[in-house]
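In TrEMBL this protein carries:
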{"type": "TRANSMEM", "residues": "32-50", "note": "transmembrane segment"}
{"type": "TRANSMEM", "residues": "62-80", "note": "transmembrane segment"}
{"type": "TRANSMEM", "residues": "92-110", "note": "transmembrane segment"}
{"type": "TRANSMEM", "residues": "122-140", "note": "transmembrane segment"}
{"type": "TRANSMEM", "residues": "160-178", "note": "transmembrane segment"}
């Protein structure tokens, strides 16, 4: 219950208009700070839902794959430039952003992660590495402004943020490939 309260407080704090406006005023902060924090708020709130509705999660997400697929779809949607633009201009899309990232991404991520085997987790990391490389390249190399609400330089900065994140995931994958994790458990 305490984690749920922390997650709910984090979600409410992120949704307070001055804080949301500040975080959404810079493209890389919007994408690489606000959105992951909203997912983390849902991750924290997930324990209460998992305890209250265990049969639903066992039936719907028994092996973790459906939950991870839902997470991937939601995150993929929010990496699109049009989604970010709509969240800034339409209040209903902004509300959907907070609800979808917390409830449809954060909760399934927490429920699914422990159910996935190491192959599933590695596929997840490889998918996001490829996604971040492609999206990063798109944001850097696009000849036009992709988001109407942000400057081109912010778009390029976000692209480099995606590429940096992809490189960090590759470093992590190399690390887990060449180390014996049983020594550290």
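Quick reminder: no glycine exception, Cβ is built from N, Cα and C everywhere.
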With an 8 Å cut-off on Cβ pairs and a sequence gap of 6 or more, do the transmembrane segment (122-140) and the transmembrane segment (32-50) reach 3 or more such pairs? no
Excluding the flanking five residues on each side, which residues at least 6 beyond the ends of the transmembrane segment (160-178) place their CB within less than 8 Å of a CB in that stretch? 28, 31-32, 122, 125-126, 128-130, 132-133, 135-137, 139-140
State the residues, same chain only, that lie 6 or more residues beyond the ends of the transmembrane segment (62-80) and have a CB under 8 A from a CB inside it; answer 'none' if no residue qualifies. 31, 35, 39, 97, 100-101, 104-105, 108-109, 111-116, 120, 124, 127, 131, 135
